[in-house]
Structure formats: C-alpha cells, structure tokens
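*Asks:* Heads up, here are the entries from TrEMBL:
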type     : residues : note
DOMAIN   : 4-107    : domain 'HIT'
MOTIF    : 91-95    : motif 'Histidine triad motif'
ACT_SITE : 93       : active site, tele-AMP-histidine intermediate
C-alpha cells in the first residue's frame with residue numbers, strides 16, 4: 001500500500017487542504033482533537049524530522065509557524081499546541097492543535113501522575129549521551 005500522506009500530497013486522496021507551498025502541505029485532521037486540528041507534512045516522503053534536509057526542515061517549520069498563528073488569530077484558543085509523534089503514519093507530520101484545556105495534548109501519564117521522577121544519576125548519564133558539541 002502506498003503512503004496515505006504521500007497520496008494526500010499528490011492529491012490522489014480527498015483532503016481538506018488549508019495550506020500548500022513547494023515543500024509542505026497542510027490539511028485538516030479527520031479525527032481532530034479539537035476543531036481546527038491540522039497536520040503539516042513535507043510533500044516529499046520522510047519518516048522523521050531529523051531526516052529532512054536543512055532547507056526542507058526550515059520550510060516545513062515556517063509553514064507550522066504561519067499556520068499556528070492563523071489558528072490563534074482565527075479560532076482564539078487558549079494555546080496552540082504543536083506536536084510530532086508519528087506512530088500512526090510512517091510519514092512525518094506535525095500536529096497543530098487549538099487547545100482549550102491542559103489535557104488536549106497532554107499524555108495520560110502526566111495527567112494520572114504515573115511518570116516517575118528521574119534519578120540524578122540517570123539524568124547525568126543521559127546528559128552525557130545527548131550533549132552535542134557546538
């Protein structure tokens with residue numbers, strides 16, 4: 001089966017497109033968290049943010065910024081949430097969600113307080129693994 005989001009980018013599948021430029025396309029989510037929830041995708045198939053070329057990344061994120069402002073200006077939510085998860089589709093997509101309450105984008109682990117506080121030695125070890133040189 002072909003990638004659903006590639007099919008949307010190629011206009012082979014019906015979608016409600018709210019933005020399009022040379023690098024990115026944005027469309028309304030068919031299972032919105034709240035009305036106005038949209039997805040921004042690169043037109044070129046990529047599965048992860050870090051696999052985008054630098055200019056492609058900049059172009060996609062510029063679209064995210066512009067659309068976030070449009071959502072804020074038009075729908076007036078308390079906040080505009082932006083999230084990248086990518087477990088349901090193997091094509092990079094950025095969610096833009098008008099948020100009216102804290103739980104609109106907050107994982108249940110935060111809400112039910114089941115996330116343990118990390119130990120200091122775990123944080124130090126992770127910092128050593130992930131710190132980048134400039």
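Using the three backbone atoms N, Cα and C, a Cβ is placed for every residue, glycine included.
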*Asks:* Restricting attention to the domain 'HIT' (4-107), give the mean pLDDT.
*Replies:* 94
*Asks:* With DSSP, how much of the motif 'Histidine triad motif' (91-95) is helix, how much strand and how much coil, in residues?
*Replies:* 0 helix, 2 strand, 3 coil
*Asks:* In sequence order, what residues of the same chain, 6+ apart, have a Cβ less than 8 Å from the Cβ of residue 93 (active site, tele-AMP-histidine intermediate)?
*Replies:* 5, 39, 40, 41, 84, 86
